[in-house]
Amino acid sequence: MYNVVFVLGPPGSGKGTICTQIHENLGYVHLSAGDLLRAERERAGSEYGALIEGHIKNGSIVPVEITCALLENAMIASKDANGFLIDGFPRNEDNWSGWNKQMGGKVNEQFVLFLSCPVDVCIDRCLHRGQGRTDDNVESLKKRVETYNQSTFPIIEHFEKVGMVREVNSERPVTEVYEDVVKVFAAANQK
């Protein structure tokens, strides 16, 4: 059974940065739903490429079956990992329902790491991070933030109600954020 930590927060909250540090220091494999989707979009002969491209450009959510299949394949490919950080997923109730349908009984969801950060700070980070993403422009970012507020934040509230959320303020310097994240993982691994 795979240990899974969901890493959620608004676009630009530092999910990728913190996941890289957790991977390097704690041995969890970082699976970014967005990176997997972008890679699939670019893969020659992908049956989902055009569909994924349309959703990414519009800032909308890709069908859950596609995302779950990509995540499951990535976990199978790294089956000897300590655990998995799933960054940017689930993004809504449909994602969570689809995840449970496809992955129920195959994984141990340890907790949800919620990186909270003011939206204006997140947008500024995205515009200046220089990753060359097609969706790092003001128009797409506004749509992504709107999608986050309408769809993802309610799923975070759901996880909060069932006691799974561990919130860390990610507006601070990365070293401070990471120190708090390490404490969250240490507490979770003592249980």
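Glycine residues also receive a Cβ, built from the backbone N, Cα and C atoms like all the rest.
What Swiss-Prot says about this one:
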BINDING   Gly12, Ser13, Gly14, Lys15, Gly16, Thr17, Arg129, Arg172  ATP binding site
REGION    32-62  region 'NMP'
BINDING   Arg38, Ser60, Ile61, Val62, Gly88, Phe89, Pro90, Arg91, Arg133, Arg144  ribonucleoside 5'-phosphate binding site
BINDING   Asn95  CMP binding site
REGION    128-136  region 'LID'
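Checking each of the binding-site residues Ser13, Lys15, Thr17 against Gly88 (ribonucleoside 5'-phosphate binding site) by C-alpha distance, the shortest gap belongs to Lys15. Per-residue confidence over the region 'NMP' (32-62) averages 85 (mean pLDDT, predicted model). Distance between Cα atoms for Ser13 (ATP binding site) and Pro90 (ribonucleoside 5'-phosphate binding site): 16 Å, as a whole number. Nearest to Ile61 (ribonucleoside 5'-phosphate binding site) in space, judged by Cα atoms and limited to the binding-site residues Gly12, Gly14, Lys15, Asn95, is Asn95. Least crowded of the binding-site residues (Lys15, Arg38, Arg172), judged by neighbouring Cβ atoms within 10 Å of its own Cβ: Arg172. Comparing the binding-site residues Gly16, Pro90 by how many other C-beta atoms lie within 10 angstroms of each C-beta, the top residue is Pro90. Between the CA atoms of Arg38 (ribonucleoside 5'-phosphate binding site) and Lys15 (ATP binding site) there is a gap of 16 Å.
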